[in-house]
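According to TrEMBL:
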- A:89-174: domain 'GHMP kinase N-terminal' (DOMAIN)
- A:Pro115, A:Ile116, A:Gly117, A:Ser118, A:Gly119, A:Leu120, A:Gly121, A:Ser122, A:Ser123, A:Ser124, A:Ala125: ATP binding site (BINDING)
- A:235-312: domain 'GHMP kinase C-terminal' (DOMAIN)
Protein chains: 2
Amino acid sequence: MTTANPENDFNNSPLRGLGGAPAVGTEIKVFAPATVANVVCGFDVLGFAVNEPGDEVIMRVTDKAGITISKITGDNGRLPLAAEKNTVSVSVQHYLESIGRTDIGLDIELHKKMPIGSGLGSSSASTVAGLFAIKSLLGDDTDVAKLLPFAMKGEEMACGHGHADNVAPALLGGFVLIRSYEPLDVIRLPHPKDLYCAIVFPDVDVPTREARQIIRDKIYMKDAVTQWGNIAGLVSGLYTQDIDLIGRSMKDVLVEPVRSMLIPDFYVMRELAMKAGAVSFGISGSGPSVFAFTRDEETARNITQMLQSHLADIKIASNAYVSTINDAGPRVL
Amino acid sequence: MTTANPENDFNNSPLRGLGGAPAVGTEIKVFAPATVANVVCGFDVLGFAVNEPGDEVIMRVTDKAGITISKITGDNGRLPLAAEKNTVSVSVQHYLESIGRTDIGLDIELHKKMPIGSGLGSSSASTVAGLFAIKSLLGDDTDVAKLLPFAMKGEEMACGHGHADNVAPALLGGFVLIRSYEPLDVIRLPHPKDLYCAIVFPDVDVPTREARQIIRDKIYMKDAVTQWGNIAGLVSGLYTQDIDLIGRSMKDVLVEPVRSMLIPDFYVMRELAMKAGAVSFGISGSGPSVFAFTRDEETARNITQMLQSHLADIKIASNAYVSTINDAGPRVL
């Protein structure tokens, strides 16, 4: 993987700051954010990070080379403790190999603070937390963007595709465009500061692999033209902080009509959200989580309450989160 | 046609400044610019105006209600003098009807200063010049953007589609995104001031209708994703004045591979231009004109010379133009 973007040059300069090994017993706790990929009209190329929810990783230096996972919470037993099967440890292992430090011993605790299979970049958040933890433990002061290829390795393992539209915003924070994969070219986009995000996760099962498979391979050119007019409008609205333009650009004529079938009462929820003052409404990643942009926190909270109430009426449990866009990415707690 | 964009609200406020009728004999001369539509990765939604070439319209107030065309130059006899068949007079007629001023008499001279069927928005430039002339004659001081629906009527007559990717930049100047047609939503994009455009027209026949018909109706989703990653990158580069990003985003995996077949030695010309320092290279509109962005005028002139020399070698006549992006749109001469 090479890149033509000097600011995101993941390969050409070495990782730095790797002189000393951290003392055995040294411990660090890291948070990494959930992310909303696709952002309605940016299928596979856009994503943004939120402040809530997110995952936490506690990483300890041990005296025995290699990585162990001693504890995972919040996953209802769904994630593997075996280090060679867990996306967090696999990504960290790739990173250690790339810097020639497989001599280091690490133990990892993973605390899932968001539902798995929710369409909120659950595996990406865990992976990014793990990578940021080892980078911080080693005092590696290179640009955090250099961790992206390692995070993508974890994503490939988690969902069968090395997509970056969750890991890139989880790692870099903010709103991110993946312009190209070959070469990898990641662009940070600005956004209005007063944009709130209301997220509701209806607790139904929509595995990422299956959600991808129902998308058509072939599409009409005229629909693609509609879609790229809209993504160009969305990017323009992000630069000019034009929330109206952002809202009217967030339309998806290609993926949403198919994926929405997997989400209970998607169009009812959309109507509720838009009537309550949402700027836009759509599927987060491959779903089933949905999200709305709003101009203020109160509207976002009203929307999550209405949607959760509606889901409860149709006997579906849900979680809800209200957040601004997270510009910081992962952080040491 | 309605719009959700208050800045481009073409219908909701009346055209103004129509109190007095101009005196018989009053004359105005207007220039309107050529335009490059599609801009490689923005098929049907992007376009920009250049300073050179452009068309000129001379409009005179006569004493007999109705529109006549007394002279057309530079068209090799290809354009109709009959007012009901000429895009310029038809657009002006639509405008006069919309403001209830069909009592006015007008004579039009059209001076084509660019080749017809060149992919440089020839009909759009003429139409915009005509509309700007009547607006100026009448002292109509509404936003020039309100002329867009009338210009699109002319475009519909000229090439069978009411596209706006030539007329909008010809009318508004600069770099323009047509986010949506229904409702019409036109966004002006910024651009680096030091971006030069080298245009070469190889004198071969590529009618717009035929150039549209060879484009496939159905495309692969993965190619569409590549395309909208690139248009998002291009828009981002325009806002951040990042000429490298503009260059690497200007790739077209969908339309160019098909339309380039209609252009003599397209890939040879691209290689020549890129080796000579072009930022990007592609087809202007539906071709056969090609264009390159460069960082300076000298490189642009070198490229036009090399391409014209190559075309001469293969016995094809050509015209060439070097220009910055025209931000003013039409102007009274």
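Placed from the backbone N, Cα and C atoms, the Cβ positions cover glycine too.
TrEMBL labels come from automatic prediction, so no person has curated them.
Shown here: features listed in TrEMBL, placed on the structure.
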residue: A:Pro115; record: ATP binding site; contacts (Cβ under 8 Å, 6+ apart): A:Ser122, A:Phe201, A:Asp203, A:Asn319
residue: A:Gly121; record: ATP binding site; contacts (Cβ under 8 Å, 6+ apart): A:Ala34, A:Thr35, A:Val36, A:Ala37, A:Gly47, A:Asn166, A:Val167, A:Pro169, A:Ala170, A:Gly285
residue: A:Ala125; record: ATP binding site; contacts (Cβ under 8 Å, 6+ apart): A:Ala32, A:Pro33, A:Ala34, A:Thr35, A:Gly54, A:Asp55, A:Met114, A:Ala170
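Same-chain residues that are not part of A:Pro115, A:Ile116, A:Gly117, A:Ser118, A:Gly119, A:Leu120, A:Gly121, A:Ser122, A:Ser123, A:Ser124, A:Ala125 yet have a Cβ within 8 Å of the Cβ center of the ATP site turn out to be A:Ala34, A:Met114, A:Asn166, A:Gly285. Secondary structure at A:Pro115 (ATP binding site), as computed by DSSP, is coil. The DSSP breakdown of the domain 'GHMP kinase N-terminal' (A:89-174), given as helix, strand and coil counts, is 48 helix, 7 strand, 31 coil. Around the Cβ of A:Gly117 (ATP binding site), a 10 Å sphere holds 21 further Cβ atoms from the protein chains shown. In the predicted model, the domain 'GHMP kinase N-terminal' (A:89-174) has a mean pLDDT of 91.
Cβ contacts within 10 Å of A:Gly119 (ATP binding site), excluding its own Cβ and spanning all protein chains shown: 28.
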